[in-house]
Structures are given as C-alpha cells and as structure tokens.
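Feature annotations, reproduced from TrEMBL:
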COMPBIAS  1-13  compositional bias 'Polar residues'
REGION    1-20  region 'Disordered'
TRANSMEM  39-57  transmembrane segment
TRANSMEM  69-90  transmembrane segment
TRANSMEM  99-116  transmembrane segment
TRANSMEM  160-181  transmembrane segment
TRANSMEM  187-207  transmembrane segment
TRANSMEM  235-255  transmembrane segment
TRANSMEM  293-310  transmembrane segment
TRANSMEM  342-362  transmembrane segment
TRANSMEM  374-393  transmembrane segment
TRANSMEM  405-426  transmembrane segment
TRANSMEM  438-459  transmembrane segment
TRANSMEM  471-490  transmembrane segment
Amino acid sequence: MASSLTTASNGTPGSEEKTFFGHPRGLATLFMTEMWERFSWYGMRGILVLYLVAAVLDGPLEDREALAASIYGVYNAVVYMAAMPGGWIADRLWGARKAVLVGGIVIALGHYTLAVPSDTAFFIGLALIAAGTGLLKPNISAMVGGLYEGQPGARRDAGFTLFYMSINIGGMLAPLVVGYLGENVNWHLGFAVAGIGMTLAVVQYVLGGRHLGDVGKAPGTPATPEEKRGALRKVLLWGGLAVAALLADIVLGTYDIEHIVNVLAILGIVVPIVYFITMYRNPALKSEDKPKIKAFMWFFATAVLFWMIYDQSGSLLTLFADNKTDRMIFGWEFPASWYQSVNPAMVIVLAPLFAALWVKLAKRNREPSAPMKFALAMLLIGGSFAIMGLAGAAAANSSTGKVTVFWLLSVYLVQTLGEMCLSPVGLSLSTKLAPKQFVGQIMGLWFLATATGNALNGWTTKLNEPLGDALYYSLWAVVAIVAGLAFMTAGKKIRALMGDTR
Ligand code: GLN
C-alpha cells in the first residue's frame, strides 16, 4: 500500500520503501520512539507517588499520601499543558522533527536527574521531563498525521490506532519493570531505567529518521523576528508574575498545594478559551478553515469531560483497588499497582480489533462518524462509572467491605472500549481538522484537554468523600451519559462544520 505514498510534493518516502504492517515505514520509527518514551513516562509515573510518600515528603502517612496525590494530579496537568508551547515551538520555530529530538533528549536527561538521590535533583528532573514531554508528545503525534497527508481518513485512523498500541506496549511494560526495580531494589535505579528507555527512544528516532521523508522538517508558519520577541516578552511577563505570586505566597506563609491545584484548574479552563479565540482571529487562518476549528472546540470540550472521568483511575479507583477489592489469588494478595498494567494490556488487544473494524465498516460505507465515536465514548465512560457506582454500593453492603476484582476489571474494560472510540480517533482527527500551519498547536490543544480534565479532577474528586462511592460515581455516570446523548444529537451539526474531513 506504500505506493499511495509516492507524492513527491510532501516528501513522503517512495514506493520502494518497505511498509510497516501495510503502513508507511516512517510509522515504525515513530512507533518505536513513542513506545520507549511512554515506557519512561509511565514507569516514572508509576513509582512517583510511592517514592514521594516513602522518601521525599515528611509528616504522618495520611498527610503524605494526600499531598502525594495532589502533586501527582498537578504534575500530570502541568506535563499535558506543556504540549501547548511545545506545539507552538514546532509550528513557528523548529518544525516537529527537531522539537521531538530536543524533547526526547531533555526527557532522558530528566530521568537521569531523578536517578540522582537528592531532593533538588528530584524537582529539576520533574521539570525537565515536563518540558521535554511538551516538546515531544504533541509533535510526534502530528508527525504521524504527516505520514498520511492526502490519504483516506480511515487509513490515517488505522495508522493512529497502531501508534496507539505503541503507547500502550510501553505503558504496560513500564509498571512491571520500572515499578519492580523502583519498589523492590532502589527508587533511583527505577528512574535510571526509565532514562535508559528514553535514550533508546532517541537513538531509534535518529536512526530511523531517514524513513520520515520531509515530514515535520520545517515549521508550518515560521515566526517573524517581531513575533519571536513578542512571544518571549509574554513568557517573561507571565512566568515572572507566576513566580512572584508563588514567592509572595511562600513568604506570607499562606502557601498550600491547594493554591497550585486551584490556579491550574482555572488555567485549564481559561487557557483553551483564550487560545481558541486567538487562533480563530489569527489572520493566517483561512476562512474555510474556521468551521473546522469550531468543530474541534466541540471535540475538545467532550474530551475534557472524558479525561476528567477516565483519569480518576490513577487516584480514586486505585484507592478503591487498594482498600475495597479482594485481591487474593490462591492465598496470595497481588499488589494494587498491578491494575496499572490492566488498561494498556486491554488496549493492546483491542486496538487492532478496532482498527480492523473501522476499516471494514469504512469499506461498506458504514463507519460511524467521528462525532458518533465521541458520543459512544462518552456513553461508555459513563457506563463504566455506573458500574463503579454499583461496585461502591456492593462494597458498602458487603460484610468485609470488599468486592471481587471483577468489578474493577469490568470498569476498566468498558473504559478501554470508550478510550478506543475517543483517544486514537481524537489524535487522528486533530491532525485532519488542523490547518497545516497549526497542526502542532492543535495537537497541543488536544493534550490540553487531558490537562484540563486532570486539573478539574483536583476539585471533583473531593466530592467522593461527602457523597460516598455509590452516589459519587452514579452522578458522573449521569453527566457523561447526558453529554454523550447531547453529542449524538448535535452530531449532524458538528459533521457539517467538519466539511470534507471524515
Ligand atoms: N494513554 C494515552 C497516552 O499516554 C492517552 C493520553 C491522553 O491523551 N490523555 O498517550
């Protein structure tokens, strides 16, 4: 099928190239790079909370746990927010190719810094990983889209589904390897191994670069010197204000992690609104592309709600796994953290099935539209929380206070089905809807939806305690299902905005 890639104009590799499961050979390069990058990310993330509680924070266990969970949420939000400037740097300054390379090197340095046993090194390491991920994550995804320039939508979707598998192969192996080494041998060894994973990603990326043709070589719309100066001024102004506010908070003795959680949640809402307005008014945006940006806003808002619910698996659902599930198998209790590999494992099995299903349906002209897939994703994520509500009620009524593992396994299965309808679809869709010169930034916005969802989680998860499991999960189930039905109803309008994008 690589013969369909022979358009010399966009520099994609020629027909003599070998294919990667019928996809452009460049996909293999991006696949391997992202697999190792995600290995390092999920590996580090898997031991982050445990390490914070065991070795960094002081005070009673409960306080350390609560603080570690807040830091975890805030850090997730920060990392995904960094995708916005990362996308801008690729679109306006460097091109995606260089942004991914620099990002990869910075991430590897970050993990190696975490491998140094010192509190200062720890925070520098986290900052490096956030900055590097912001550069790498949106732009590697945009490059996947670049491999399919001018090709049918279903093929691009299938490519993104394969790419999504790489993410999850890394995500599944990481807790097993990095988690084991970190918890059982030495935390810093765990971080170092994450760094080795990221180094492999960079090596693979450089070696496989020749298969990428011209994809991501040049910035979409290079910034003028004046625009560069303007951007620098803004960064210094806002960055300076943020640091000043933080310092004032600390000096006044009023500092509390809650302040950062609140600021991030507000930023998570304000930043996308400002960004959409700015992009919409940008004179470089052609009038025929404007409806596509409008359509993207709908997808964005839905994705925020999806990730807000989905990412509670790292916090509330893990605590539920820990305290309220019976994890005994043949007299042995398996670690609660094992649940972290369940979702990626399910994705690995389901992704190719979904990819094949979409292609098959597309051949018969029966593939659900993107709005329909998003609506389905919302119904499924709502359904998963409805199951959680029942699990919560069952735990409350059980004499031991615990339920079988099958509850959580079913929750994760339904969530993963939802993820398959939204996440690879959203990646692919973002590259399709984005005008070429904005692709990095639109990808950045796509990941900002995860950031906003995580930032809002800092607020919503607080309702769990007062409402109790059954009511809390049912409440979000209803919200998601209503959103899904609304999206389904609006589907036709959204499709009209999307124009010829499928
Ligand atoms: N699990 C996916 C990844 O790591 C999805 C992340 C997201 O967009 N929230 O890329």
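In case you wondered, yes, glycine gets a Cβ from its N, Cα and C as well.
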Response to the item:
For the transmembrane segment (374-393), the candidate among 69-90, 99-116, 160-181, 405-426, 471-490 having the most Cβ pairs under 8 Å is 471-490
Discussion item. Below 8 Å between Cβ atoms, which of the listed ranges 39-57, 69-90, 187-207, 405-426, 471-490 makes the most pairs with the transmembrane segment (99-116)?
Written reply: 187-207
Discussion item. Let me spell it out: take the transmembrane segment (69-90), skip the flanking residues so only those 6+ beyond its ends count, and list any with a Cβ under 8 Å from a Cβ in it.
Written reply: 45, 48-49, 52, 96, 98-99, 103, 126, 129-131, 133-139, 142, 216, 219, 231, 257-258, 260-261, 264, 267-268, 271, 275, 311, 314-315, 439-448, 450-452, 454-455, 457-458
Item to complete: Would you mind listing the long-range same-chain contacts of the transmembrane segment (160-181), meaning Cβ under 8 Å and 6+ residues beyond its ends?
Response: 20-21, 23, 27, 30-32, 34-44, 46-47, 141, 144-145, 189-191, 193-194, 197, 337-338, 340-341, 343-345, 347-348, 351-352, 354-355, 358, 420, 423-425, 427-428
Discussion item. Cβ under 8 Å, sequence separation of at least 6 from the ends of the transmembrane segment (293-310): give me the contacting residues as numbers and ranges.
Written reply: 272, 276, 279-280, 285, 370-371, 374, 377-378, 381-382, 384-385, 415, 418-419, 422, 426, 429-430, 433-434, 442, 445-446, 448-450, 452-454, 456-457, 460, 476, 479-480, 483, 487, 490, 494, 497-498, 501
Practice prompt. Grab the same-chain neighbours of the transmembrane segment (438-459) for me: Cβ-Cβ under 8 Å, and only residues 6 or more beyond its ends, written as numbers and ranges.
Written response: 70, 73-74, 76-81, 83-91, 96, 99, 134, 137-139, 141-142, 145-146, 220, 261-262, 264-265, 267-269, 271-272, 275-276, 279, 285, 296, 300, 303-312, 315, 426-427, 430-431
